[in-house]
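Peer 1: Grabbed the feature section from Swiss-Prot, which reads as follows:
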ACT_SITE  GLU256  active site, charge relay system
ACT_SITE  LYS388  active site, charge relay system
ACT_SITE  ASP464  active site, charge relay system
ACT_SITE  HIS562  active site, proton donor
CARBOHYD  ASN78  N-linked glycosylation site
CARBOHYD  ASN113  N-linked glycosylation site
CARBOHYD  ASN320  N-linked glycosylation site
CARBOHYD  ASN433  N-linked glycosylation site
CARBOHYD  ASN566  N-linked glycosylation site
REGION    1-30  region 'Disordered'
REGION    104-161  region 'Linker'
REGION    162-574  region 'Catalytic'
TRANSMEM  41-61  transmembrane segment
TRANSMEM  83-103  transmembrane segment
Amino acid sequence: MDVRRRPVKPLYPSEHISSGEPLKPHNQDSSVKASDALPLPLYLTNGLFFTMFFSVMYFLLHRWREKIRNGIPLHVLNFSELVAMVSLIASVIYLLGFFGIGFVQSFVSKGNNDSWDVEDESPEQFIDRTVTPPPVRRNIPMKSVPVAEKTAQIITPFSSEDDEVVIKSVVEGRIPSYSLESKLGDCKRAAFIRKEALQRSSGKSLEGLPLDGFDYESILGQCCEMPIGYIQIPVGIAGPLLLNGKEFSVPMATTEGCLVASTNRGCKAIYVSGGATSVLFRDAMTRAPVVRFGSAKRAAELKFFVEDPMNFETLSVVFNKSSRFARLQNIQCAIAGKNLYMRFSCSTGDAMGMNMVSKGVQNVLDYLQNEYPDMDIIGISGNYCSDKKPAAVNWIEGRGKSVVCEAIIKEDVVKKVLKTEVATLVELNMLKNLTGSAMAGALGGFNAHASNIVSAVYLATGQDPAQNIESSHCITMMEAVNDGKDLHISVTMPSIEVGTVGGGTQLASQSACLNLLGVKGANREAPGSNARLLATIVAGSVLAGELSLMSAISAGQLVKSHMKYNRSCKDVTK
């Protein structure tokens, strides 16, 4: 769905909502116009002055050319030339007054219009803002309105005392709830009216859903449609996480008790052991359209064409036109009968990149359509990408950022901080995360709770929480090193999908959390480095979470800690 910011449209007077009287569009106003005072019809008057303007201009130019040839001063005028000058000035004044003022007004109004697609709306919705709306008549019985007339009924710009009228109009279906922002010009007020209308129509209370304290303008056309408030998720801090020689305080938005505390303990164990090291070894967002041919042979021919290195440069140029940050890396094809799936991989700078890669894919599809006119484009996404679902292609080939993070935990730290033994941790990891996950038929789930940490960091930093599915693909490895005294732990995460620009990253709270990590916005000196750093921080946080939870399980502390920190004593039914 294409959601864009639309212009604020004034509405017709609210008294017509109560009375049920149909209104004439503003452009059908029957008021007296200045042109009514002209002695001739308007089209004849315009024609007269047009003819006068061009005639006298031709006459004067002809006379001036003769004066120049004969050496006569131009300012010396005879009677006919004087009459021509007066006629020229009169015609210019008339034409400028008739056409020029309207042009200037339209130019100024366009310059002040904060919209992208004014032409999308009907001109019948516009009225003169200088007209003061009449007072709203209360307690007047509603008249039945024919269906054909309902579409023309809308109300004037509302003042604060008119909220009740608007709410009733929304409840009764005369004002679409989705149009409140564009009609009112106040996003917060639109959210309030929508929320109140929903409570009345559903009969359910939304008292606990807050409305104040949020910038609804910031989500218009970008993050959420038809808002009625916002939810509150506590944000905790784990750390410092010592990663690649730098310290990070990791924000985690969660409602699960123990999660932040456990991750914080893991960060402490890593810190006192000398820190963790992470490496990003792949960076490529993917999109895989599906196309169909009349035969499998033709599908195979396109596969050979796309995968031919001789054609890759041409396809790259076409693809990279979509953005100055998009750079096509490779195209991987798969055939199913006469259907072809093409998995495009590209770097996307500091953006997560789904929109960017989709635009590039569309460019290539348009190009291929000319080369293969019998190609039928079924969909720009054929699930071979694969987005927001567990898939072996992501686990094997990766999607987004692929990161490995490791640390060596000292023996005394394992005993004093984690309250367990190295050998116990290694055995538990093998039987739980490896063998147990294999028995369950897990796909990318060879870990204890990577999704817990990924979800919490994603919510705090404005990432797409639905991409937690593939981003949480992780295999946790543990091994005794240094003669069995110390613990080597690592997490390998092939598809961390993050960005530091776009989407929810521009919201105030999420932007503050990104700023805390030092990755807010785009990195102009090294495009893409902020998003890559965020991916390594996610992996480092997962490493800390895995280390602490596995230690709690091996020491038999899991149930005890959750009974202490993860139980609610509040009766939510009251």
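Cβ atoms are placed via backbone N, Cα and C, with glycine included.
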Peer 1: Compute the average pLDDT of the predicted model within the region 'Linker' (104-161).
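Peer 2: Its mean pLDDT is 41.
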Peer 1: Could you check the active-site residues GLU256, ASP464 and say which one's CB has the most other CB atoms within 10 Å?
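Peer 2: Top count of Cβ atoms within 10 Å goes to ASP464.
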Peer 1: Pop the Cα-Cα gap between GLU256 (active site, charge relay system) and ASN320 (N-linked glycosylation site) into the table, whole Å please.
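Peer 2: ASN320 (N-linked glycosylation site) to GLU256 (active site, charge relay system), Cα-Cα distance: 43 Å.
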Peer 1: ASN78, ASN320, ASN433: which of these glycosylation sites has the sparsest Cβ neighbourhood within 10 Å?
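Peer 2: Taking ASN78, ASN320, ASN433 as the glycosylation sites, the minimal 10 Å Cβ count falls on ASN78.
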Peer 1: Which one is closest to ASN78 (N-linked glycosylation site) in space, judged by CA to CA distance, out of the recorded positions GLU256, ASN433, ASP464?
Peer 2: ASP464
Peer 1: Of the recorded positions LYS388, ASN433, ASP464, which one sits closest to GLU256 (active site, charge relay system) when you measure Cα to Cα?
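Peer 2: Checking each of LYS388, ASN433, ASP464 against GLU256 (active site, charge relay system), the shortest Cα distance is to ASP464.
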Peer 1: Within 10 Å of the Cβ of LYS388 (active site, charge relay system), how many other Cβ atoms can be counted across all chains shown?
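Peer 2: There are 17 such Cβ atoms around LYS388 (active site, charge relay system).
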Peer 1: For ASP464 (active site, charge relay system), which DSSP three-state class applies?
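Peer 2: Assignment for ASP464 (active site, charge relay system) reads coil.
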